[in-house]
Amino acid sequence: MEQQLDFLVDKVVAELQKKLAELGEKTSGPKAEAAVEGKAAPQQGIAPVTATKPQETHSAPAEPKGTALIPNPKWKEGLDELLASTPARIGVWRTGVRPLTKTMLQLRRDHAAAVDAVYGEVSQEVLDQFSLFTVETQYDNTENYLKRPDMGRVLTEESVRLIQERCQKRPQVQIVVSDGLSASAVDANLKDVLPSLMDSLKSYGLSCGTPFFVKGGRVASMDHIGEILEPEVLVLLIGERPGLVTAHSMSAYMCYRPRKGMVESERTVISNIHRQGTSPIEAGAHIGTILAKMLEQKASGVKLVL
Amino acid sequence: MNTKTTVLGQTYQFRDLKEIFAKANEDKSGDQLAGIAASDSRERVAAKQVLADLTLADIRNNPMLPPEEDEVSRVIEEGINEKIYNEIKNWSVAELREYILSHEAGESEIKRISRGLTSEMIAATAKLMSNLDLITAAAKIRVVTHCNTAIGQQGVLASRVQPNHPSDSVQGIKASLYEGLSYGIGDAVIGINPVIDTADSVKDILNMTKEVMDKWAIPTQNCVLAHVTTQMRAIRQGAPADLIFQSLAGSEKGNKAFGIDVKLLDEADELMRKEGTSYGPNFWYFETGQGSELSSEAHFGIDQVTMEARCYGLARKYNPFIVNTVVGFIGPEYLYDSRQVIRAGLEDHYMGKMHGLPMGCDVCYTNHMKVDQNDMDNLGILLSAAGVNFVIGVAMADDVMLNYQSTSFHDIAAFREVLGLRPAPAFEKWLEKIGIMENGKLTPIAGDPTIFM
Amino acid sequence: MDEQWIQSVGIDVGTSTTKMIVSRLRLGRMSSTFSLPRYQIVERQLLYASQVHSTPLLGFDEIDAEGIGAILQAEYEKAQISLSSIKSGAVIITGETASKKNAQHIVHLLAERSGDFVVATAGADLEGVLAGKGAGAEKRSQALQGTVVNVDIGGGTANAAYFQRGRAIATVTFHVGGRLIRLEREDVVTYVSPNIQEWLKAKGLHIAVGQRVGLAELTEVATQMARSMLDYLTGKERHVSGLLVTGPHLRGEFPVEELTVSGGVGQLMTGPPVRSMADVSRYGDFGPLLGYVLQQERERGSYPVRWLDPEQTVRATVIGAGMQSTEISGSTVHIKPELLPIKNIPILKLEFTEEQLADPARIHQEVAAIYQLGERLFDKTTGIPFALAISGVGYCSYALLQTIAQELADQYRHYFAESRTMVVICETDMAKALGQGLALRCKGEPEIICIDQVRVEYGDYIDLGEPISGTIIPVVVKTLAFDEKA
């Protein structure tokens, strides 16, 4: 302890003295040095990961991040500060009492994306990437899905059979993915949330059953699936009702021993998972922690102590 | 009580009042989901026909949800002026409708008669009214209320500025608030829906809004729409709340799902009376919306229009400063498309005004409904023409926290301009002083939020 | 868990006075139940403020550590605070006392007698910022468009911090203080700080040890000193006045809208008029006179700034240290509780650009470069050589996370094979995912501590406290240098 303190004090004081000695000289930042170092000493020993294609460019439309359209604001820097503080559509200005054309079209464009998300379908490629097979609820078609939430809670007979055939029974953790109200939420986030969740399960030493995809699912379809597979815990990754800031937001509903007749307060939820919201990789990692706690406490929802 | 009729050669026999009331409704996906809607237009008309001939006494004597079983029914019953009721109890619903629409019935006559009506009777008349009937009747009734300032006067369209933020950032809320104020929005209330339902968070937002109000001497009121118990905690800790908010349902069971009952509302009422800092006498803000009882399985087989009317019956007990129906928030399983939303908005506004309530409307929709911004333009203009007390102002109509669309700051400015309506008088004076408005028109600096920085 | 209190202590050992405070900070959940947990400090309460003690000295500038220890022990008893209950806080050793010898003594002593809290050591920039926070300048700047400056004038130095829109944007420190000139028997000069000699010469002022000094003569020195400091702060003249500056000079103009003066001399500004050498020398130095002439400058109004009274004067620094130094990291983190607390870890900053992140080879290079820098700057240790702060990542996909985790883990084990703990601090909310990725790769060699949502800069030092309720980490960032772009 003593020695360590000595050492630390020395370090701090040395740093201070160095600074005093510089007396106003600009300290060259680490960036400048790092750049030089980078050139002088290329790759020592450790091979870089093979350069693959650039990081994926996301196909989602550019988000409506504000640029101020006010021609002569009273305080320009202040306006920038306001815009930076909220995703709301402010600083948009007006013509008479109506919005400018650009602002109006932006709104319509984002609404179009939201409607597309409701009526769209999850890309098969994404499902294949994680070897998810597809089952369906009794929703029948999108219009009926919207009007009859009860039908999105029950799987078709064919689907029940398929699940019984292909899935491991009574797994510790069952992962289910569903389009819900936004197919594009699955397209946009699954490839970040799901592997991060799998890593987390690995860290906690939890075993996972056979994941699959439910088309036309509602949250309470968890109950039906719970009856079929009897997992200890189930997590449903499902597309949320799209908003205009993003149409690609996902929720994770988690439940300890799901079965028919579960009420809302027995489920634990992490919502707003998307690029600008709850970070998908961080959400995936945290879901693992929650599932581990559910298993430990044998509870979920309001009874779970996080 | 006659429950049978013949329409276009077909005879219809209805089981009870619940069935008549439900089938007399205009088409709503919520009534379909509940399995109580008319199967076709002909059955609908038959139900309307039977309803038209029922007397007010029939409705009162055959309660759909008896007072012994439900405290909302008790509140409605206890509020009835028996003398006025006795004068009209033999009127048919058709006669009541015609009286309300007649030239003999002015504002004071309607307000008087309203004291003898149950919520179910008011709902019954709505079922016999066309959209324009609903507008014509509601337009006669002005309800002026006062908290720090008065709203509801003839020729006034007030507004709630709703500067929500997805993580309750006080700076972010302030930014949208400044934008709203710069368009002349916020005379009804500065009202924020918080993400975080804790007394701390509520207190922070109340303090910030109060600071802005004090700094710029803004004649309005503030409110944070957390659960009533959270607001009470914050108020007891000294948070400056001008209004106290709660969502209401039309049955005791529905309210239980919201975590409230009449006793709790009474307690909150008492708290505001004793520790509230606003002038009053009105300090409640209620929100309602068709379908909420069905979604919590607390509708008892009663249709969503009638359940909505019962919310107003409960609200009436507390003399609120403002009430609004969040008409299109609940989703397509209750209101599927723009036709249904527009209808519901007009019904709710009319029924609220008939209860003597300071009725506003959140003209809104979610992205999974068959509705778009054009439909909101329509309903907004219709309600403004009907004399709605206030509507909701959100930056470009896009609420980034609740993920739905309402009416924008621009929209409210346009409603006012097109129909010659004004902000609340005290607020308009303030707008003139700040230089945002002149003779009811926005000035060239309006729309610049940095004037408040 | 919705809320939790932690106790925090602040200790300010200055050239002339020593004070301590105990406060309690309330952590509240600041996220909805549908989001990842996030806690913040939602309330700060002052529980106890000690009286202002004279700093016990041995000779002119060596602190009597034992004396400090006795003071603190008495104060802890008076405050009825048990050392084990203190979870965070900061010790500031200020002004001319901030020498190596003093720091060493005091830190040892505090480790024994002040509980196992998070200990910070001297740093003029941090001091200025904490005093500015304690004086209320940071808070006031949020309500203004312009810049607010607070200058905390103690015995040996004056620490100024500039705030704009709630952010500290610059600091500067002067050799201006009450004990730079000391007196006995009213008018005999016993000490003139060597640090002001050059400035005195440039100003044509003469004052020497042993001489007797008159009120007018000394008033001239004090007035010139006050004006030089104000000239520099307001940007009126920085050439001669710059001779009083210790450490880095200001880089920029920073037009000042509001000014507050805190510290002991700030308090003396409100004292009675100084009319005789007896008035001047009542504390054995020219502090009262310095306060008086500053008050006269304020009344004269010859500088185009608004002078305001600070919220705290003599206790501004200690209040700032005790109540404002602690932050809370993001609550989804990767830690091993038994490795905490850790103290005085220097920051290395890895700032990615979008182009770099798009190319795994460049990520490899950047990580190599920063580790090589770390290898040169810090000695080999089995402990923690530094904390790596990662910024510029923005949105992080799982694929990108894998690349970053692989590079950080592989190269760390190459360059710092002997280190048994690796500390990473992310700017954005990604610590749990990155920590998990690193831990899966490293398998305990080294152990991983990964936290996020704390802003640090190159040159900062960081302390991480014991976790509260498992994952809430109190963090004290000790700013030793100001980033020039700030």
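Backbone N, Cα and C define each Cβ position, glycine as well.
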Worksheet item: Of the candidates B:Asp348, B:Asp362, B:Asp372, which does TrEMBL annotate as part of the substrate site that also includes B:Arg160, B:Val161, B:Gln162, B:Asn193, B:Glu287?
Response: B:Asp362
Response to the item:
Listed alongside B:Pro194, B:Gln246, B:Ser295 for adenosylcob(III)alamin in TrEMBL, from B:Met64, B:Met401, B:Met437, is B:Met401
Worksheet item: Of B:Pro194, B:Gln246, B:Ser295, B:Met401, which binding-site residues come within 10 Å of B:Glu287 (substrate binding site), going by C-alpha to C-alpha distance?
Response: B:Gln246
Item to complete: Among all chains shown, work out which of the binding-site residues B:Gln162, B:Asn193, B:Gln246, B:Ser295 has the most CB atoms within 10 A of its CB.
Response: B:Gln162
Response to the item:
Between the C-alpha atoms of B:Ser295 (adenosylcob(III)alamin binding site) and B:Asn193 (substrate binding site), the distance in angstrom, to the nearest integer, is 21
Discussion item. Rounded to a whole angstrom, what is the C-alpha distance between B:Arg160 (substrate binding site) and B:Pro194 (adenosylcob(III)alamin binding site)?
Written reply: 15
Fill in: Number of other Cβ atoms within 10 Å of the Cβ of B:Val161 (substrate binding site) across all protein chains
28
Item to complete: List the residues of the same chain that sit at least 6 positions away from B:Asp362 (substrate binding site) in sequence and have their Cβ under 8 Å from its Cβ, in sequence order, or write 'none'.
Response: B:Glu287, B:Asn324, B:Thr325, B:Val326, B:Val327, B:Gly328, B:Phe329, B:Val391, B:Ile392, B:Ser406
Worksheet item: For B:Pro194 (adenosylcob(III)alamin binding site), which residues in the same chain are close in space, meaning a Cβ under 8 Å from its Cβ, but six or more apart along the sequence?
Response: B:Asp168, B:Ser201, B:Val202, B:Ile205, B:Val224, B:Leu225, B:Ala226
Item to complete: List the other residues in this chain whose Cβ sits within 8 Å of the Cβ centroid of the substrate site residues B:Arg160, B:Val161, B:Gln162, B:Asn193, B:Glu287, B:Asp362, in sequence order.
Response: B:Val189, B:Gly191, B:Leu225, B:Asn324, B:Ile392, B:Val394, B:Ser406
Worksheet entry | B:Asp362 (substrate binding site): secondary structure state under DSSP, collapsed to three categories | strand
Worksheet entry | Pairwise CA distance, B:Val161 (substrate binding site) versus B:Gln246 (adenosylcob(III)alamin binding site), rounded so that it is a whole Å | 17
Discussion item. Need one number for the substrate-binding residues B:Arg160, B:Val161, B:Gln162, B:Asn193, B:Glu287, B:Asp362: the maximum pairwise CA distance in Å, whole number please.
Written reply: 15
Worksheet item: Sorted by position, what residues of the same chain at least six away from B:Met401 (adenosylcob(III)alamin binding site) have a C-beta under 8 A from it?
Response: B:Asn164, B:His165, B:Pro166, B:Asn193, B:Val195
Worksheet item: Can you tell me how far the Cα of B:Gln162 (substrate binding site) sits from the Cα of B:Gln246 (adenosylcob(III)alamin binding site), in Å?
Response: 16
